[in-house]
Amino acid sequence: MAKATSSLVVPIIFLVIFALVEQNTGCFDYDVYQPCDHCRERCLKYYPVTRKAICRKNHCVCIGPCPNDKAIPNVKLFKNVKEQILS
């Protein structure tokens, strides 16, 4: 009986760890079929301004917080869009 109990301890520990630990990674959204021309404008068109546009392997990538992260005020979304596009 003791052997059966001890064989359940390790799986239970892993279940508890996976249930309590939250993965903290940024969200990546790949725009696979389009080259890097005007990557920042494309990211602003589909995602909030908190996303960063970079070019990886000739593909536009928008990196930023996950959608379920803190809410983004609408004022920041539309304020100085021209500056954000040019940056």
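Positions of Cβ are set from backbone N, Cα and C atoms, glycine also.
As written in Swiss-Prot, here are the features:
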DISULFID  Cys27-Cys66  disulfide bond
DISULFID  Cys36-Cys55  disulfide bond
DISULFID  Cys39-Cys60  disulfide bond
DISULFID  Cys43-Cys62  disulfide bond
SIGNAL    1-23  signal peptide
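Positions of the features from Swiss-Prot, shown on the structure.
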{"residue": "Cys36", "record": "disulfide bond", "DSSP class": "coil"}
{"residue": "Cys43", "record": "disulfide bond", "DSSP class": "helix"}
{"residue": "Cys55", "record": "disulfide bond", "DSSP class": "strand"}
{"residue": "Cys60", "record": "disulfide bond", "DSSP class": "strand"}
From Cys43, Cys60, Cys62, the disulfide-bonded residues whose CA lies within 10 Å of that of Cys36 (disulfide bond): Cys60
Sparsest-packed of the listed disulfide-bonded residues (Cys36, Cys43, Cys60, Cys62) - C-beta count within 10 angstroms: Cys36
Disulfide-bonded residues: Cys39, Cys55 - member with fewest neighbouring CB atoms within 10 Å: Cys55
Cys39 (disulfide bond) to Cys55 (disulfide bond) - Cα separation in whole Å: 7
